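According to TrEMBL, the active site, charge relay system annotation covers Lys119, Ser194. Feature annotation from TrEMBL assigns active site, acyl-ester intermediate to Ser218. According to TrEMBL, the feature domain 'Amidase' maps to 63-514.
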Amino acid sequence: MKMLSTLPTPRSTLSRFSIPSTITTFTSHSQTLPQASLTTSPPHSQILSTRHSLLSRNLSAVDLVRSHLTRLRLTEPHLRSFLHLPDDQTLLTQAHDLDRRIANGEEVGPLAGVLVAVKDNICTSDMPSTGGSRILENYRPPFDATAVKRVKELGGIVVGKTNLDEFGMGSTTEASAFQVTANPWDVSRVPGGSSGGSAAAVSARQCVVSLGSDTGGSVRQPASFCGVVGLKPTYGRVSRFGLMAYASSLDAIGCFGSSVADTGILLHAIAGHDRFDATSSKQEVPNFLSHFDSTSSLESKPLKGLRVGLIRETIEDGVDAGVVSTIRAAASHFEELGCSVNEVSLPSFSLGLPAYYILALSESSSNLSRYDGIRYGNQVYADELDSLYGDSRAKGLGSEVKMRILMGTYALSAGYYDAYYKRAQQVRTIIRNSFKEALDQYDILISPAAPSAAYKIGEKKNDPLAMYAGDIMTVNVNLAGLPALVLPCGFIENGTAGLPVGLQMIGAAFDEERPQSFINTCKMGELLRVGHIFEQTLENGRFVPPIVADSVE
């Protein structure tokens, strides 16, 4: 396959990248809100498209940024995806510099010109990082998170900080201290959470890709609600340095994109060991990008021999009938691609939700103690130190965060530790072993990413238990530390337009990608390759929301 690095245009620093050139060129954006429409062509890589256009001089970085700003002005008042945006001149200056370096034949990184949004609990030195909380309002870190630093080093342009539930504690973005983000498919509905802003921004093409964080499904559930691809990597695959800690044994920085290829390219950029994070893995980050082949190069049964297990407990009572039928249709598509698909039972699956909330809340009660008005956070004046602590936290933290801190502290308190925290850790081991047994029999496991499509804003705000129950599909993956990929696989009809449904694919640890030599000797495919083939062969497989449908090719 011809590589972009072989073009006679400027040299490019590809690091460990090897970027294919099967792409579609960039198109300009409309300035009017369109009506809903469906596109039938499979999604293409915006990263590869942008790169090709820049290096072949068909598009300038300045034009790219101006087009982005136009779309942002059009959509942001409706969606409120971003909490912080750099001024226009800052972005245009970066674009001018990139155009100059290309014109001079200088080296440019593999993410050159790629517009990247960053969840606001991931530190950025040049923009505020609030975690969606009043206690960190206007806080500006003195450093970039490792993931952000790597994006910038490879040429990515950070276009803003996205909205989230406060400190990642929520499933709708309604728990943000600043604003509620709307779903691009229906602005009366939630985008999911806690990474709702990052998912909505990619869905509405306000950016090319975005970074989020996933503690119990906070990348995957919004990806499902917003009709985009979301990837939660293996625990340790991506450095957590610079991510505001919620539950340290569960947290992971994840990726959003409008295609599997873009999501995989972003993961590849940020993955790898980091000396600032002792939990980051030294596992090799293979070169996998050549696996993103076009449909014309695929065999008639490109996934022949792949063993797929459909988790039975995820398609039973409590899951919307429309979601179940869409997931069963996705399973049938796997069979058409040559896979063997069977239902598999994970009896411990239902144990994950209560165990997760005990562990996550216990860890959060410890992690969030640093926001006391002294070490971190806005300070409320008081005559005594205890009052300063109490008043600063009372004023700065929201109700959902306070409730979770109280529950976590209770679970860790004397006399209750063994009954709650210790038992939850034992359940975690059972769940991890259950996944291991299932993944010894199957190459990947599949399930819905959420038990329903996106629901109305305010529908579950006063019913926290119902909101927590929505995490049932995703929390077990975090407890086991496994990678999971969510990609849109169909729609549930709702009024004049359908709402997207996400398929979750779960793999063994570090199975996001495998070295090419391993794939050649084993017919088991890694998540990104399998997801890419599924996406590219799915009928009506391109998911573009009504708010931008007419402006996306």
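Cβ coordinates come from backbone N, Cα and C, glycine included.
In sequence order, Lys161, Thr162, Leu164, Ser195, Gly197, Ser198, Ser210, Leu211, Gly212, Ser213 constitute the residues six or more apart from Lys119 (active site, charge relay system) in its chain with CB-CB distances below 8 Å.
For the pair Ser194 (active site, charge relay system) and the residue listed as 'active site, acyl-ester intermediate', the C-alpha distance works out to 5 angstrom. The number of other Cβ atoms within 10 Å of the Cβ belonging to Ser194 (active site, charge relay system), over all protein chains shown, comes to 33.
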